[in-house]
Structure formats: structure tokens, C-alpha cells
Amino acid sequence: MLPNTPRRAVYAGSFDPPTLGHLWMIRQAQSMFDELIVAIGINPDKRSTYTVAERQDMLCDITKMFPNVRTDVFENRFLVHYAREVDAGFIVRGIRSASDYEYERSMRHINSDLAPEISTVFLMPPREIAEVSSTMVKGLVGPEGWTETIHRYVPQAVYEKILAEHQHEN
């Protein structure tokens, strides 16, 4: 990295929807780098609950307090190739469990083979949000008391979006 070159990182995921775990990762990563790109990776084989535009809007809402964070979308590319395209020197990944670690460690080696100039940074969220996932949040919607329950796991702007979407069911 050249002197005076901004330290740019990419934090990618499906963010369907963004959770407090994602927000924790964003908060930590933005404090470590000059610029953080929060990128929605489009997986055509994965059925999403929210459109790409909705997910990007939610991410913009929950990251607006961080001037060094921007959102983006990438599709049909390896994350490491996307990182290279946006001149990021780092990929940020979250480790919630031993199985996450094993998977991410393997991916880090593959990424290093494809783009040795890009480093992977692993962050471990605190125990109280380590098990929070978008899939878990979506699974909690519906039963009696779900609105109070999911409020514990998603940022306020995301909570309001989910409530508005399901208001006809209450």
C-alpha cells in the first residue's frame, strides 16, 4: 500500500435483513479503516425476502451516522475480485462460531491465492449477538409476541421496516 493511500475495506453479505450483528461489525470495521464499503452480494441461487433496493435502503439507514461508510452491490463475482475492483486492501469477515472460523479460514486461503495483496480481517462479535443471523430474525416473525422479540436483534430502522411490512398481519 502506498503512503497516503486510504485504507479501504469491504464487508459483504446478503443483509436480508441487516441485524444488530451486522451493525456491530460495521461499527467496528469503520473505526479500523479510512473507508468501509458494505456490499450486498447477490447470490442468484438464494431466495431473498427483501429486494436488493430494500436491503440497500436499510443499510443506508443504519450506517448514515458513519461518514466513512458507503453501500454497494455486486453480483456474479468472487468477493475478492470485487474488493480488487474497488481498490480495497482488506476484506472484513465475522466469526460467530468454530464452523464459521473453519469456513472463513479456507476462504481466506483461496482469496489469498486469487489476490495476495488483499488481506482478510476476522472480527468476533460479543457473545450476546454472536448467534444473531438474518435467517434467525426472519424465523421469529409471525408467532404471538414476535414484534417484541425481533426488536432485540435488529436496528430500529430495520425493525420499523419489518413492522410496516407485516402490519396487516397484526
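Quick reminder: no glycine exception, Cβ is built from N, Cα and C everywhere.
What Swiss-Prot records for Ser14, Lys46, Leu79, Arg93 is substrate binding site. Just so you know, the Cβ of Ser14 (substrate binding site) picks up 19 other Cβ atoms within 10 Å once every protein chain is counted. When secondary structure is read from DSSP and collapsed to three states, Ser14 (substrate binding site) falls in the coil class.
Positions annotated as ATP binding site by Swiss-Prot, on the basis of sequence analysis: Ser14, Phe15, His22, Gly94, Ile95, Arg96, Glu104, Ile129, Ala130, Glu131, Val132, Ser133, Ser134, Thr135. According to DSSP, Ser134 (ATP binding site) is assigned to a helical segment. For Ser134 (ATP binding site), the count of additional Cβ atoms within 10 Å of its Cβ stands at 23 [all protein chains shown].
Positions annotated as site 'Transition state stabilizer' by Swiss-Prot: His22. Taking all protein chains in view, 28 other C-beta atoms sit within 10 angstroms of the C-beta of His22 (ATP binding site).
In this structure the alpha carbons, written CA, of Val132 (ATP binding site) and Ser14 (substrate binding site) are 14 Å apart. Non-local contacts of Lys46 (substrate binding site) by the CB criterion (under 8 A, 6+ apart in sequence, same chain) comprise Ser14. Under a cutoff of 8 A between CB atoms, and with a sequence separation of 6+ in the same chain, the neighbours of Glu104 (ATP binding site) are Arg93, Ile95, Thr120, Phe122. The most crowded of the binding-site residues listed here (Ala130, Val132) is Val132, judged by how many other CB atoms sit within 10 Å of its own CB. The binding residues for substrate are recorded as Ser14, Lys46, Leu79, Arg93; their greatest pairwise CA distance is 20 Å.
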